[in-house]
Structures are given as structure tokens and as C-alpha cells.
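Accompanying notes for the structure given below.
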């Protein structure tokens with residue numbers, strides 16, 4: 001019929017054309033690659049950008065990488081460092097000669113202008129979806145200005161930080177031009193929010209260079225690297241790394257300090273690796289000072305223009321000291337515990353670990369020499385203020401979450417309408433957490449504990465007999481926990497260790513341990529754990545940890561003065577006075593189990609007689625239960641208790657509840673001894689609250705409260721005795737050391 005009707009054939013043909021038009025214009029659902037341009041200006045920013053570039057390159061299905069090189073990378077006097085980018089197998093899409101030589105203020109301005117003239121053609125040709133710029137260099141300001149005016153989205157890495165020079169102004173200017181931010185520290189994040197940047201476009205990622213340095217700094221060939229740069233006779237820890245740049249807001253003063261630093265290094269007479277300053281105004285004069293003093297020919301010095309980042313990490317990690325004003329000293333060096341002397345004002349305002357000694361205004365080389373004497377050869381706890389080694393995965397997720405269809409125009413928050421809470425890319429709260437370790441006599445326990453006191457995950461293993469095996473097991477369990485923490489979206493801030501015995505918490509050393517854990521005498525726990533995990537470490541006695549746990553998570557929260565008494569295998573505890581833990585002059589405070597309540601009492605494990613522990617501890621009750629059992633006096637008439645070995649304090653308590661008068665008398669005596677000891681504590685320390693913790697706490701609570709009301713002075717009769725609600729006081733106390741300290745530091 002259709003063949004016989006030309007009109008109908010034409011109608012069918014037209015309908016087919018219309019259907020094909022609509023079908024061909026349907027949106028195609030395919031994953032569009034994000035075109036990312038990374039621009040690097042100098043050797044320093046490449047060390048931060050390279051890990052991101054490697055990450056982008058490793059995801060070819062998601063990203064397309066373009067690399068632009070400009071600035072001092074292309075200058076021979078500064079090492080032609082673009083070659084290291086080529087050696088890393090990156091294709092450089094554009095090389096822009098943007099530096100006007102002169103190394104003064106005018107030359108810096110002219111360099112920015114030259115970059116602005118050349119960048120539009122490059123950006124128009126590459127047409128990236130997003131441009132990644134780093135830091136606070138004048139070259140980076142030119143990049144951000146050009147991209148912002150050309151409607152290209154900008155991701156600014158390491159914004160929000162404070163350093164105290166013209167770099168601050170440039171860094172903050174770039175932040176205002178940028179659409180997205182990947183910052184390193186919580187303080188930097190808060191600064192960006194205070195600058196009215198949209199909190200939803202801020203990622204607390206950590207420093208990308210930490211991803212690389214935490215993996216590579218322990219290379220086995222570090223001695224070869226040291227010798228290749230400083231000679232065969234140089235040993236680990238017996239040399240200095242010096243790196244100082246000009247301060248463009250006070251060039252003459254920075255040149256003066258540079259000369260004083262060189263004089264101090266000459267007097268200190270140690271092998272020194274000195275790097276040339278960067279290209280900022282004043283660098284030419286600093287090089288002249290170095291050459292006037294003959295540094296390049298001096299046998300103690302090796303002056304170089306550039307060192308590959310992986311090798312530089314090794315040299316900083318194993319140095320006896322680093323000196324100068326490079327950001328590497330206040331940032332990356334902290335991850336190794338390397339002692340640092342920071343000179344002048346270039347890094348004023350930076351967050352630093354305890355490894356940094358500041359010499360703000362040196363008026364003679366003697367002050368710097370004295371600083372070298374104080375710092376050289378020391379080792380400090382590792383610090384992760386600037387990152388935990390997982391920055392790049394966070395940044396890649398952040399890039400993937402960017403919606404290219406959302407409006408390009410920035411919106412500012414005046415004022416911020418949301419708390420400064422760090423978010424990951426999925427907008428799920430990344431939980432600040434601690435690794436807690438409990439060194440028990442039987443078991444070794446490790447847990448991930450979050451800021452709210454929840455045990456996210458716990459690991460338990462039998463405690464080995466020897467020190468070496470214990471340390472090996474601790475590190476293995478902690479590494480497993482740190483791997484799991486990434487999957488559990490937890491940010492580990494540090495490690496807390498709870499152990500029996502007398503502890504020097506300032507040094508992280510177990511001075512004398514209990515009979516339950518042998519061989520722990522003058523044992524440094526902090527250093528090996530910190531060195532292996534690159535985390536700050538705190539160590540304290542388990543009784544003190546129980547008190548800290550109550551202060552942060554338990555009945556002691558908000559109470560200025562209270563005492564925690566642990567009633568378990570032994571008797572221990574901790575004292576909180578004016579909101580602070582009391583350690584004593586020899587770290588022996590709160591040995592509550594050894595308060596003497598009878599001169600003629602039973603022998604205690606400490607060698608004395610009549611201590612609370614000899615009456616009221618689980619071991620004391622077990623001893624008495626065994627005596628009754630051996631004399632067949634533990635059974636209750638008419639009741640089959642089905643006693644089974646081993647006899648414990650629980651059998652004694654059970655017998656007393658069933659009417660056994662002998663067992664009841666022993667328990668009354670134990671409760672009276674504990675009550676008398678706690679009355680002594682009330683009369684000495686005068687707390688407002690007593691918290692009983694441990695397996696016997698619920699049994700002792702009522703009789704101790706009664707004994708206080710009967711025997712204590714009138715002014716202390718009303719002191720309340722409560723039972724702890726915490727299930728893991730040792731672990732929670734170990735975690736609280738980390739969480740409290742890092743919160744105060746604003747990690």
C-alpha cells in the first residue's frame with residue numbers, strides 16, 4: 001500500500017528524519033575526563049605538586065594532565081630544574097621564560113608582568129577545566145590572575161597559612177582568586193573560612209609532599225646519598241643542612257642575618273651542605289656574601305644549586321641540624337624529628353613542632369652559634385602537623401567531585417554560616433582520632449579512639465615476654481591500625497601509651513615497671529614508636545590514664561578536683577587537682593595502693609606491710625579465698641557452689657553474698673581498709689569526687705561511701721563516691737593524652 005502511495009512514503013520518510021534528529025541529540029552518558037593543568041614555577045613548589053601530578057597521571061581514565069613550566073625552573077643559575085620534571089617522565093606542554101633578571105623588587109614586578117603577557121596564549125591553547133597552583137610565589141600570582149580573568153577554575157594548594165613576609169599577601173591574594181582550596185592544617189582551614197571562603201570548597205588535605213617523604217625518607221641507601229653530596233668521611237647525624245632565602249620586605253636585614261649564619265657555621269666547624277637561595281629580590285647579594293666568605297672553596301662546605309627532592313629528604317632526615325628560613329625546616333623536617341634553627345621573620349606565624357628553635361633577631365653570630373650548640377645532634381618526636389601521608393588521594397577525590405556545570409562565579413560567606421569542621425570529598429566528617437596502647441601484663445591492646453571517646457576498632461594480642469618482641473608487636477599492631485584508619489575515615493593525631501609502673505611522661509620513659517611486666521626499666525617507649533610511625537607519642541602510668549579518661553569522658557568531666565581509684569588486680573589511681581594531673585617530683589604521685597592503713601598488716605607486693613593493696617586488691621582477696629578454700633571454709637551450707645580452679649576474688653564475694661560469715665568478714669576488712677585509705681586521700685587532697693574504677697568498683701562503692709560518712713572529718717563527709725561507667729579506662733586515658741594535647745595545639 002505504501003509503495004502505491006507516494007504521499008505516504010514521503011510522510012514516513014519525514015517521520016524517520018524527525019526521530020533520527022531527536023535520537024542523535026539525546027545526551028550521551030559517558031565519563032568526561034577532567035582536563036587538569038598543573039603549573040610549576042620553581043624547585044620548591046614542584047616538590048609539593050609532583051605527588052599530585054603522579055596521582056593524576058596514575059588515573060588516565062579520570063584525568064588528562066597538562067604541565068606548564070615557568071619561572072626559575074628555566075634559569076641555569078638556579079639549576080635548570082625543569083630537567084627533573086622531564087626525568088620524572090612528565091610531558092611539559094609549555095615552557096615560559098618569565099623571569100626578568102636583576103633579583104630586586106623591580107625585577108619581581110617585571111617578571112609578573114611578563115608572565116601575564118605570555119600566559120593567555122598558553123591557557124587559551126590548553127583550555128584546562130582546572131588550573132592547579134601552589135603557594136605564595138609571585139609567579140603563582142601571575143598564574144592565578146590570568147586564569148581568573150580567563151574564567152578557568154583554580155585549585156590553590158597550601159592556602160590559608162601565615163608566614164610573616166610579603167609571601168603572606170601574595171598567598172592570600174591567590175586564595176581570593178582561587179575557586180577551590182586544598183590546605184594543610186586545621187589552622188589554615190580556619191584562616192580561609194575567616195577570609196570568607198566557602199567552607200564547602202575547602203579541603204583539609206595535608207601537605208602533598210608528605211605523601212612522598214613519609215614513603216621515601218627511610219631508603220636504605222641514605223648513607224650513599226649523604227656521602228655523594230658531602231664526602232666519604234661524613235657520618236649520619238654529623239652534618240648540617242643550611243638553606244636561607246631573602247626576606248623581600250626587609251632585604252638588607254635578611255642579608256645581614258645570612259652573613260651571621262655563615263660566620264656561625266664557619267665557627268661551628270661541622271660539614272655543611274648549603275643550598276643557594278631562591279630567586280627573590282636580594283638573592284644576588286646573598287650569593288655575593290657567600291662568595292666573599294669563600295664558602296664554595298671551604299673544605300667544610302658543599303654549596304649546591306639544586307638537589308633532587310628524594311635525596312634532599314634523606315639529607316634533611318639524617319642531618320644533625322637544619323638551619324635557615326626555608327619552609328622545609330618548619331614543615332617537612334618536623335616529620336623526621338630533625339632539629340631546626342629558624343632564622344629571622346620569614347616563617348613567623350607558621351605552625352611548628354617542638355623540633356624548631358627560633359632565632360628571630362640575631363645581632364651577632366654568637367647567638368646563632370649558641371643555637372647550634374643547643375640543637376645539633378638532638379632528636380625530637382616526629383610531628384605530623386602538616387600531613388599524614390594521605391593528601392593526594394584526598395585531593396584526587398576532591399577534583400573528581402568538582403561539578404563543571406555549577407556557576408563559575410565565586411560566592412563568599414559573610415560571615416561563615418557553618419562551623420569550621422573539616423570535610424572530606426564525600427562531605428563526611430573525617431574523625432580526629434588517637435591510637436591508644438594498653439600494655440597489660442597478659443595482653444597487649446591497641447585501639448583507634450575518636451574525639452568523642454568511641455572505640456572505633458580494637459586489636460588484642462598476647463603480650464610477648466621480651467622487650468624486643470613487645471616493641472615489634474606494638475609497631476605491627478599500630479601499622480595495621482593506621483591502615484584501617486584510612487578506610488574508616490579517621491585522622492590519627494598521635495599515639496598514647498598506658499603502662500603499669502612509674503613513668504616519666506615528659507621523656508616518655510618507663511622508669512620502673514610492675515611485677516606483671518618484666519624487663520621494663522628505664523625503657524624509652526616514645527622514641528622508637530614516634531620514629532617508626534611519624535607521630536607524636538605520649539606515655540603515662542595506667543592509673544594516671546584512668547584519671548585522664550574520667551576527666552575527658554567520664555564522671556570527672558567538668559570537675560576541677562577529683563581522685564580516681566582503680567580496684568583491680570592491684571590498687572592504683574590518679575589525682576586531678578585544678579584540672580591538671582598530679583605527677584609529683586619523681587613521678588610517684590597517686591600510688592594510692594601503697595597508702596599504709598595498718599602497721600601490723602599483711603605483707604604487700606611492694607615489700608611493706610599494711611598497704612591498701614595488701615587488703616583490698618584482687619590479688620589480696622584471691623589469696624584469702626584460697627586460704628578458706630584450702631580449709632574447706634569457702635562453701636556455704638546447703639549450697640553447692642561448684643568451686644573450680646583457679647579460686648578468685650569472685651568466689652569470695654559470691655560466698656559472702658550466700659551467707660558465708662568468714663568470707664563476709666574478710667570483705668568487710670578489705671572495704672574498711674580501702675575506705676580508710678580513701679579518707680586519708682580526702683584529708684590530704686580534699687577532692688570533691690572519688691571515682692572507683694576496675695572490676696571490684698561496684699562491690700566497694702557502697703561500703704566505702706558508708707565508711708567515709710562514719711569516719712571522715714566533718715568537712716569531707718559529704719564527698720561523693722561513684723563507680724566509673726567507662727569500659728576501657730586505660731585505652732581512653734591513653735587516647736585522651738593525644739586528643740587533649742593536639743586540640744590545644746589546633747592540629
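Yeah, the Cβs are placed from backbone N, Cα and C, and that goes for glycine too.
As annotated by TrEMBL, domain 'UDP-N-acetylglucosamine 2-epimerase' applies to 61-399. If you look up TrEMBL, you'll see 502, 514, 542, 591, 594, 613 marked as N-acyl-D-mannosamine binding site. As annotated by TrEMBL, active site applies to 542. Annotation comment: TrEMBL describes 594, 604, 606, 611 as Zn(2+) binding site.
Structure coloured by features recorded in TrEMBL.
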{"residue": "502", "record": "N-acyl-D-mannosamine binding site", "Cβ contacts under 8 Å, 6 or more apart": "510, 511, 512, 513, 541, 586, 587, 588"}
{"residue": "542", "record": "N-acyl-D-mannosamine binding site", "Cβ contacts under 8 Å, 6 or more apart": "438, 498, 499, 500, 566, 572, 730, 733"}
{"residue": "591", "record": "N-acyl-D-mannosamine binding site", "Cβ contacts under 8 Å, 6 or more apart": "572"}
{"residue": "594", "record": "N-acyl-D-mannosamine binding site", "Cβ contacts under 8 Å, 6 or more apart": "604, 606, 608, 611, 612, 613"}
Check: To which of the binding-site residues 604, 606, 611 does the lowest count of other Cβ atoms within 10 Å belong?
Finding: 606
Note to self: Neighbours of the Zn(2+) site 594, 604, 606, 611: Cβ within 8 Å of the Cβ centroid, same chain, sequence order.
What the structure shows: 593, 596, 605, 607, 608, 612, 613, 614
Next item on the list: Can you check how the pLDDT averages out over the domain 'UDP-N-acetylglucosamine 2-epimerase' (61-399)?
Entry: 89
Notebook entry, point to check: How many neighbouring Cβ atoms, not counting its own, are there within 10 Å of the Cβ of residue 613 (N-acyl-D-mannosamine binding site)?
Noted result: 27
